[in-house]
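According to Swiss-Prot:
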type    : residues                           : note
BINDING : GLY8, ARG11, ARG91, ARG137, ARG140 : CTP binding site
BINDING : GLY8, ARG11, ARG91, ARG137, ARG140 : ATP binding site
BINDING : ASP21, ASP23                       : Mg(2+) binding site
DOMAIN  : 225-326                            : domain 'HD'
Amino acid sequence: MQTYLVGGAVRDYLLGLPVKDRDWVVVGADAQTMLAQGFQPVGKDFPVFLHPETHEEYTLARTERKTAKGYVGFSFHADKDVTLEQDLMRRDLTINAMAQDADGKIIDPFGGQRDLAAGILRHVSPAFAEDPVRILRTARFAARYRFEIAEETIKLMRQMVENGEADALVAERVWQEFAKGLMEKNPRKMIEVLRECGALKVLLPEVNALFGVPQRADYHPEIDSGIHTLMTLQRAADMGLSLPERYAALLHDLGKAKTPSDILPRHHGHDLAGVEPVREVNQRLRAPKHCAELAELVCRWHIIFHQVGQLKSQTILNVLKKTDAFRRPERFQTALNVCIADTQGRLNREHTPYPQRAHWFALLEAANQADSGKIAAECRAQGKAHLIAEQIDRARLAQIAPLQKTFRAAQDKTEKH
């Protein structure tokens with residue numbers, strides 16, 4: 001019975017990165033051997049055991065065979081006769097198909113160290129094509145390390161998409177990998193890889209449709225709506241924004257793919273036009289509620305948020321109410337963070353100031369100065385409970401109006417200079 005450290009732990013060790021999770025493979029043992037050593041079985045589908053002291057996962061060396069379409073259509077064989085190389089051969093990429101023995105020696109039968117040094121993601125064997133999740137994983141690793149995909153691997157990924165393997169992916173697995181990819185350092189790269197292999201058209205056709213759609217060059221020097229979306233997503237990542245914010249950044253301009261061709265490159269009403277596509281993506285991916293809600297809110301309101309200096313006080317109050325800013329100020333703040341990424345996610349506009357964010361906060365704070373509890377109590381005491389909402393609105397408007405007047409005056413002065 002020999003144990004080897006495998007997979008991501010070896011890869012990150014060789015890259016000089018912190019090793020977060022350690023996975024082990026056991027060669028020359030079976031389930032009875034593991035139980036006799038005090039290991040606890042935990043795997044339902046695979047022979048996985050927990051170490052009695054460290055509680056790290058130890059898996060019996062195994063081989064796999066494709067039995068049906070999709071990522072669950074596999075049977076496996078785990079026995080004492082399965083070698084380490086056979087176990088490593090079933091893995092996705094060469095950089096993940098290395099092992100380290102107890103003496104620290106690296107076992108690398110498929111050239112993982114070479115590909116690490118070259119910054120290349122390369123599949124281990126044709127068996128890569130048997131698991132469509134590997135398309136997403138490869139795109140995610142590209143986003144993490146900014147590695148390039150080997151030509152033969154991207155070709156195989158295209159073939160998988162053409163053969164319908166990506167269609168067999170279930171929403172939960174797509175979201176799981178997709179969410180991880182969005183939180184990598186370079187999520188733009190993930191989307192680029194998915195587009196290059198054709199998977200984006202299958203998994204996120206609404207995003208794929210943005211590429212080739214022109215925008216006004218004076219607002220968007222990058223021209224292409226798809227490129228702007230990638231830049232906005234990457235800006236959100238560079239800002240260190242959360243998963244819901246990055247997801248919203250990716251979907252914020254879906255309405256531009258719906259713009260009638262006769263009005264291009266203008267996109268009047270794309271904020272409203274994008275709401276239904278965002279809902280469709282949310283449903284297909286089964287996005288968590290907090291991600292889905294923020295994506296829809298940003299899509300619907302980002303243009304209004306940008307144009308705060310042009311709004312009347314009554315419109316501002318209506319926006320604060322419709323976006324639920326009074327009850328959910330934290331979500332309101334995250335939406336405005338995405339608006340910064342949208343503004344700065346343009347060619348040569350990475351450092352464009354966004355004073356609208358601070359102004360919206362100031363407007364919300366000012367509106368909150370109206371004592372709604374006191375107003376409600378006074379209305380009830382006067383037998384005018386039916387006027388509570390109206391009176392609260394009046395009090396809030398009285399707070400908003402002078403602040404908005406000052407902001408617009410300052411904006412006009414800046415534009416004149």
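Don't overthink the numbers, they just go from 1 along the chain as shown.
Including glycine, each Cβ sits where the backbone N, Cα and C put it.
Note on the domain 'HD' (225-326): mean pLDDT across this stretch is 97. Proximity to ASP21 (Mg(2+) binding site), defined by a C-alpha to C-alpha distance within 10 angstroms, is shown by the following binding-site residues from GLY8, ARG11, ARG91, ARG137: GLY8. Just so you know, of the binding-site residues ASP21, ASP23, the Cβ with the fewest other Cβ atoms around it within 10 Å is the one at ASP21.
Note: ARG140 (CTP binding site) has non-local neighbours GLU177, LYS180, GLY181, GLU184, MET190, i.e. same-chain residues 6+ apart with C-beta under 8 A of its own C-beta.
Spatial neighbours are here defined as Cα atoms within 10 angstroms of one another, and by that definition the neighbours of ASP23 (Mg(2+) binding site) among the binding-site residues GLY8, ARG11, ARG91, ARG137 are GLY8. Minimal Cβ crowding within 10 Å, among the binding-site residues ARG11, ARG91, ARG137, is found at ARG137. Around the Cβ of GLY8 (CTP binding site), 18 further Cβ atoms fall within 10 Å across all displayed protein chains. Apart from GLY8, ARG11, ARG91, ARG137, ARG140, the residues listed for CTP, the same chain places the Cβ atoms of GLY7, ASP92, LEU93, ILE95, ASN96, PHE141 within 8 Å of the centroid of those Cβ atoms. Binding-site extent for ATP: residues GLY8, ARG11, ARG91, ARG137, ARG140, maximum pairwise Cα distance 16 Å (rounded to the nearest whole number). In terms of DSSP secondary structure, the domain 'HD' (225-326) contains 77 helix, 0 strand, 25 coil.
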